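Per TrEMBL, the feature domain 'Cyclic nucleotide-binding' maps to 18-132. The transmembrane segment annotation in TrEMBL covers 155-174, 206-222, 228-250, 271-291, 318-339, 360-386, 414-432, 439-457, 463-484, 505-523, 529-557, 591-612.
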Amino acid sequence: MAKDTHVDILTVLSEAPVLSRCQRQDIARLLPHVEERRIASNGTLFKSTQPANTTYLICSGTLALVFQGNEVDHLASGWVGEEASLDMRTYLADAIAVTPLTVIAIPSEVLLSTIPDTPVIISELSSSLIKHYAKSPQKIAVDSPEKQKKKPVPLMRPVGWLAALLVAPIVYYYGSTTGYDSRAVDFLAVFSITTIMWIFRLLPEFIPAIFLVLASVILGVVPTKTALSGFVSGSFFMAMSVFAIGAVLVRSGLTYRIALWLLKRSPESQIGYQTSMLLLGISLTPLLPSANARVTLTLPLLRDIIQSVRYKPGERPATGLAAASFAGAAIFSPLFMTSKSINFAVYGLFPAQVQYQFSWGYWTMAAAVAGLVLLLFHFSLSWLLFHNHDRPSLDSERLQSQLSIMGPISRDEWIALGALGLFLLGVLTTSLHQIPPPWIGMSVFFILLALGLLTNTNVRRDINWPFLLLLAGMISIVQTMNYLGLDNVVAHKLEWLGVYMRESIYQFLLLASLTIFMIRLIVPNNATIILVCSIFLPIAATQGVNAWVIAFLVLVISDGWFMSYQSTYYLAFRDGAEEGGEGLYDKRRMLIYNALMNLGRVAAIMASVPYWQGMHLL
């Protein structure tokens, strides 16, 4: 398409009803998905029996809407084909070109997902559609949005509810024979119901967590302060502030500008874009001590790149890009001491000499072989699961037009960039000013509110409150387990693994990995880390094994998961990728990728043994 055609399209989009009120980054997001269509006189743009999936803007020429043989409207500008964006199955009338016609075709799903104020555009398009037929003497039978067929109830759902009803009596029966404290038995009974809800996905993940917290308070299992500890924890406020910073980065257009910059400089291939997203996530890992935060910040960038290169959501290339984004932000966390707050907790369990030995740089150096193995597994699995022969459809001229639309960096973008920089700087200098990272994040959150970059609507819509409720619930569950002494009970059951640490390090690492995977089916990640480390670190000291090796094993393996409920940051990634309707990636392939990456985690540990022996850590 010629450059001057781009200018015409930009002019029409910028001056169109509804779109004229959009910010420039919204128009830039639309540009890769629109196309110009020319219809000769008496030609048909669409028919009433045709499935409605595209909305049109008239650039030039005139068009007649013909309903049952009668002309109901005559148009020379504005919208037509609004039915597509109003979720109607077919168009109501035939659209016939009276004179040579030029229109801009906009896929309805792109239009609705790109414009932030979706209710406004739906209202405007509804009014436009009504005006077309207002003068028609005939009664228009407007088809309602396609009725959702009632989905059959999956067989596993009633099985799950039955299991949830039966598991508590079983726990009470066996609990009464073990001599456990009655409060611990109450908690285990409710926890077993909660776990069944998570495994069978009977309800959204945050609801079972709230159920467990509520039951703990009502049954008097622990003091209310302990049961609700997650809602006043630093992690809760850290996640909230990161969601807010991420929302400002998106709304200001900064993430889209970065996406365009990456696209312009990345090799134009699937592996090129995947590598860029992977390296971006890895570069954020030592700077931002929360996998949830990194996932949240990179998601908007992922969405923008998928749209810009015209990957079809759910297809292999889009799923491969999503896997690269997720892996970069989450899977490489154990390689850096500052990547997660739990890493600092584990560091605090080390003997003094090990703490002195493992500085930030030495930690990463000791993890280098494991990191290389994880990289090798990632690229191999990406090629096997996601690669095809499709090439990204990136129009370099259009990309330049998008950058031109964006113009120079705006005030909001500078503020968003400053907020991110202030947050990262504050986190990196925590040892100097002694302000915990969550309160640095909340301070930045307050600044953004005070400057007006976040409104009441933004706070309600752009912060993932269901995820925050889940996170708070999970933290409360861990604190409740610790209060009841259940962590010590589990620790006692696993002492037998220490024998293998002395006799065969490879067997120990394999058995420990399998054990951690089993524990993670029912115990949250952080609880598993503290629990297993508290068991094996003292044993390691007596067997000549460096405490860091055991801690690193636990961090790598416990970070693995098989079902989505096991990983809060994957839930944040999945939910964020589903915002606005259709998901960005194929969930089944993503879960297969993750399951195979768990093998990569074990392989990374095993491959590191000779390297660790050379460093005298074993």
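Positions of Cβ are set from backbone N, Cα and C atoms, glycine also.
These figures come from a predicted structure and were not determined experimentally.
Map these features onto the structure and tell me what's around them.
If one looks beyond the transmembrane segment (206-222) by at least 6 residues along the same chain, the residues whose Cβ comes under 8 Å of a Cβ in the stretch are 183, 186-187, 190-191, 193-194, 197-198, 228, 230, 466-467, 469-470, 472-474, 476-477, 479-480, 483-484.
For the transmembrane segment (228-250), the list of distant contacts is 213, 217, 256, 288, 290, 292-293, 296-297, 299-300, 341, 412, 415-416, 419-420, 423, 436-439, 441-442, 444-445, 448, 453-454, 458-459, 462-464, 467-468, 471-477, 479: same-chain residues at least six beyond its ends, Cβ to Cβ under 8 Å.
Within its own chain, the transmembrane segment (360-386) has Cβ neighbours under 8 Å at 270-271, 274, 278, 286, 316-317, 319-320, 323-324, 327, 331-332, 334-338, 548, 552, 556, 589, 592-593, 596-597, 599-601, 603-605, 607-608, 611-612, 615, 617, counting only residues six or more beyond its boundaries.
Same-chain neighbours of the transmembrane segment (439-457): 234, 237-238, 240-242, 244-245, 247-248, 251-252, 412, 415-416, 419, 422-423, 426-427, 430, counting only residues six or more beyond its ends whose CB sits under 8 Å from a CB of the stretch.
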Taking 3+ C-beta pairs under 8 angstroms (sequence gap of 6 or more) as contact, is the transmembrane segment (271-291) in contact with the transmembrane segment (318-339)?
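Yes, these stretches are in contact.
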List, by number or range, the same-chain residues at least 6 past the transmembrane segment (318-339) whose CB is under 8 A from its CB atoms?
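Same-chain residues near the transmembrane segment (318-339) but 6 or more away: 270, 273-275, 277-282, 284-289, 291, 294-295, 297-299, 301-302, 305-306, 311-312, 347, 358, 360, 363-364, 367-368, 370-371, 374, 378, 381-382, 385-387, 428, 552, 555-556, 559, 569-570, 573, 577, 584-586, 589-590, 593, 597.
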Same-chain Cβ contacts of the transmembrane segment (505-523) under 8 Å, 6 or more residues past its ends?
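Counting only partners 6 or more residues beyond its ends, the transmembrane segment (505-523) has Cβ contacts under 8 Å with 191, 195, 199, 481, 490, 494, 497, 531-532, 536, 545, 553-554, 557-558, 560-563, 566, 598, 601-602, 605-606, 609, 618.
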With DSSP as the reference, give the number of residues of the domain 'Cyclic nucleotide-binding' (18-132) in helix, strand and coil.
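Once the DSSP states are binned, the domain 'Cyclic nucleotide-binding' (18-132) shows 40 helix, 42 strand, 33 coil.
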Could you give the residue numbers and ranges of same-chain residues that sit at least 6 residues beyond the transmembrane segment (529-557) on either side and whose C-beta is under 8 angstroms from one of its C-beta atoms?
333-334, 342-343, 345-347, 349-351, 354, 357-358, 363, 366-367, 370, 487, 490-491, 494-495, 497-498, 501-502, 505, 509, 512-513, 515-517, 519, 523, 601-602, 604-605, 612, 617-618
So what pLDDT does the domain 'Cyclic nucleotide-binding' (18-132) average out to?
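The predicted confidence over the domain 'Cyclic nucleotide-binding' (18-132), as a mean pLDDT, is 82.
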